[in-house]
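**Q** Submitted below is the structure of interest, expressed as structure tokens.
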Amino acid sequence: LTCHTCPYNTCANSETCPAGKNICYQKKWEEHQGERIERRCVANCPKLGSNDKSLLCCRRDDCN
């Protein structure tokens with residue numbers, strides 16, 4: 001599995017997920033500097049936090 005890893009809306013960077021991390025993850029939230037994005041490989045889909053705008057977990061290459 002490969003997942004996007006950059007903190008931008010348009011993302012060309014991907015990484016191969018290590019063993020045990022078979023979910024691609026993307027979280028968006030607002031800070032005083034504007035919208036922030038986090039993308040990576042995870043073992044479990046985290047819960048949506050109170051400050052989060054959106055949360056995406058998926059299991060296809062570069063789906064985040």
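Just so you know, glycine gets a Cβ as well, placed from its N, Cα and C.
Pulled these features from Swiss-Prot for this protein:
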DISULFID  CYS3-CYS24  disulfide bond
DISULFID  CYS6-CYS11  disulfide bond
DISULFID  CYS17-CYS41  disulfide bond
DISULFID  CYS45-CYS57  disulfide bond
DISULFID  CYS58-CYS63  disulfide bond
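Each of the listed features needs to be described in terms of its position in the shown structure.
**A** Counting only residues at least six positions away in the same chain, the Cβ atoms of SER14, GLU15, CYS17, CYS24, TYR25, ARG39, ARG40, CYS41, ASP61, ASP62, CYS63, ASN64 sit under 8 Å from the Cβ of CYS3 (disulfide bond).
Here CYS6 (disulfide bond) comes close to ALA12, ASN13, ARG39: these same-chain residues lie at least six apart in sequence, with C-beta atoms under 8 angstroms from its C-beta.
DSSP assigns CYS41 (disulfide bond) to a strand in the three-state reduction. Counting every protein chain shown, the Cβ of CYS41 (disulfide bond) has 21 other Cβ atoms within 10 Å.
If you draw a 10 Å sphere around the CB of CYS45 (disulfide bond), it holds 14 other CB atoms from the protein chains shown.
The Cβ of CYS58 (disulfide bond) lies under 8 Å from the Cβ of ILE23, CYS24, ASN64, each of which sits 6+ residues away along the same chain.
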**Q** Which ones in the same chain are close to CYS11 (disulfide bond), with CB under 8 Å and 6+ residues apart in sequence?
**A** HIS4, THR5, ARG39
**Q** Does DSSP give CYS58 (disulfide bond) helix, strand or coil?
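**A** The residue in question, CYS58 (disulfide bond), is strand (DSSP, three-state).
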**Q** Out of CYS17, CYS24, CYS57, CYS63, which has the highest number of nearby Cβ atoms, where nearby means within 10 Å of its Cβ, if these are the disulfide-bonded residues?
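**A** Buried the deepest by this measure is CYS24.
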